[in-house]
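Engineer: Per Swiss-Prot, the feature substrate binding site maps to THR63, ASP139, GLU164, LYS194, ASP198; the stated evidence is sequence analysis. Per Swiss-Prot, the feature NAD(+) binding site maps to 165-167, ASN199, 228-233, GLU251, ASN300, 321-323, ASN375; the stated evidence is sequence analysis.
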Amino acid sequence: MSAVMTPAEFNDYKVADISLAAWGRRETIIAESEMPALMGLRRKYAGDQPLKGAKILGCIHMTIQTAVLIETLVALGAEVRWSSCNIFSTQDQAAAAIAAAGIPVFAWKGETEEEYEWCIEQTILKDGQPWDANMILDDGGDLTEIIHKKYPAMLDKIHGVTEETTTGVHRLLDMLAKGELKIPAINVNDSVTKSKNDNKYGCRHSLNDAIKRGTDHLLSGKQALVIGYGDVGKGSAQSLRQEGMIVKVTEVDPICAMQACMDGFELVSPFIDGENDGTEASIDKALLGKIDLIVTTTGNVNVCDSNMLKALKKRAVVCNIGHFDNEIDTAFMRKNWAWEEVKPQVHKIHRTGPGSFDAQNDDYLILLAEGRLVNLGNATGHPSRIMDGSFANQVLAQIFLFEQKYADLAPAKKSERLTVEVLPKKLDEEVALEMVRGFGGVVTKLTKTQADYIGVTVEGPFKPDAYRY
């Protein structure tokens with residue numbers, strides 16, 4: 001898409017600077033060339049218009065790659081309204097390009113918490129009234145939660161939600177268990193072409209980039225502690241190892257802990273004998289006193305707590321590549337220590353008490369992105385080729401749910417369909433095949449004899465649902 005409209009013709013948006021649209025358009029065109037799966041779906045399904053009639057509320061990082069996602073949804077027939085799921089992650093040129101194309105978007109880099117909530121509200125509302133949306137595309141679950149709590153009547157017309165992240169999936173499963181979830185959900189996060197690409201390979205690329213942009217530090221030879229060794233933690237540990245860091249890992253899951261050991265990382269705990277009793281006495285101060293960089297990757301709360309922050313080496317860098325800013329106890333830091341802004345999304349946290357500080361003091365931590373997503377706060381996030389798989393999954397998930405027409409079902413049928421499910425493996429394989437073609441790769445085809453021997457069809461799916469890639 002390349003249409004550019006003037007603000008006089010269209011004003012259903014709020015971005016930092018609409019004059020950045022031409023820049024955003026140039027970057028979007030480049031991103032399209034690096035997103036073969038998404039563009040392949042656009043070409044494959046444009047004639048059928050499978051999303052014609054879909055009205056999608058979207059809340060996901062408003063980046064250049066998201067611009068390609070949005071315009072793919074529109075090209076397949078959808079109408080959308082958009083906001084960002086993070087106050088620091090918007091690329092203003094991307095938001096401007098989408099607004100200039102006549103698509104409602106409310107996002108800018110550096111929103112306050114109040115502005116963030118206002119932007120989500122503007123996504124939900126059109127001309128001051130709830131939009132007649134019938135689909136949700138979410139990242140982290142804030143949009144889904146707001147609609148359930150503040151606009152429950154809208155749920156009668158909504159066919160479902162597709163969720164991008166681990167954090168959002170946890171929230172959906174919690175809502176389902178409590179009987180609070182009113183629409184079916186597709187767990188995009190656990191599609192193989194999302195979790196292995198975005199969570200693992202994406203973090204491998206973007207974590208070290210963000211730290212270096214934020215600090216200008218040489219990382220080689222320094223000690224890092226990665227908290228968590230799920231897919232995000234695996235990619236993060238590799239990212240730091242690539243820089244020549246001495247990487248240690250902490251984990252609560254024995255299986256992930258075993259994987260860290262097998263991958264050659266030292267498994268440690270910031271707590272003596274691995275037990276956190278909530279006091280400074282349980283902290284392994286000898287360990288944390290040598291750590292130059294700590295990265296949280298878990299999607300859990302206070303995994304880098306106040307006692308750990310007190311024990312960290314002077315001038316250590318602290319950052320998060322999970323979803324929310326509560327992985328690091330930033331609330332404690334705000335209440336008890338002085339913050340000095342070095343530049344946007346980079347703060348010296350003086351551990352000498354609240355209020356004023358001595359600029360020459362050397363007892364400080366360097367906090368990146370205020371504890372929010374470091375790769376989008378201090379850099380530009382994952383490459384287009386990585387996000388290609390995630391967003392192709394989102395498109396197929398939106399088509400899948402929209403075709404199911406949950407909102408039109410009889411009540412008895414609705415209760416059967418109220419689930420949180422992973423995208424069918426056949427669609428996961430479709431995304432992977434488009435990505436392979438983008439690399440110029442050639443996939444070998446099974447013969448009929450070979451397919452029969454392992455109990456699959458020649459066209460796939462090629463693995464049982466229980467297979468772990």
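A Cβ is built for glycine as well, from the same backbone N, Cα and C atoms used for every other residue.
Fair warning: this is a prediction, and the values are worked out from it, not measured in the lab.
Give me the lay of the land around each of these features.
Structural biologist: The Cβ of THR63 (substrate binding site) has 25 other Cβ atoms within 10 Å, all protein chains considered.
Around VAL232 (NAD(+) binding site), taking its Cβ as the centre, 28 other Cβ atoms fall within 10 Å, counting all chains.
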Engineer: Given the binding-site residues THR63, ASP139, LYS194, ASP198, tell me which ones have a C-alpha lying within 10 Å of the C-alpha of THR167 (NAD(+) binding site).
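Structural biologist: Checking each Cα against THR167 (NAD(+) binding site), the hits are ASP139.
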Engineer: How many angstrom lie between the most widely spaced Cα atoms of the substrate binders THR63, ASP139, GLU164, LYS194, ASP198?
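Structural biologist: The span, Cα to Cα at its widest, is 17 Å.
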Engineer: For the recorded substrate site, enumerate neighbouring residues of the same chain (Cβ within 8 Å of the Cβ centroid of THR63, ASP139, GLU164, LYS194, ASP198, site residues themselves excluded), in sequence order.
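Structural biologist: Nearby residues not in the site list: ILE60, HIS61, THR165, VAL188, ASN189, MET387, SER390, PHE391, GLN394.
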Engineer: Have a look around THR167 (NAD(+) binding site) and count the other CB atoms within 10 A of its CB, chains all included.
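Structural biologist: THR167 (NAD(+) binding site) is surrounded by 22 other Cβ atoms within 10 Å.
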Engineer: Restricting to the same chain and to sequence separations of six or more, state which residues have a Cβ under 8 Å from that of ASP198 (substrate binding site).
Structural biologist: HIS382, ILE386, MET387, GLY389, SER390
Engineer: At the level of the C-alpha atoms, what whole-angstrom distance separates THR165 (NAD(+) binding site) and ASP139 (substrate binding site)?
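Structural biologist: With distance taken Cα to Cα, ASP139 (substrate binding site) is 6 Å from THR165 (NAD(+) binding site).
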Engineer: Which secondary structure state does DSSP assign to ASP139 (substrate binding site), in the simple three-class scheme?
Structural biologist: coil
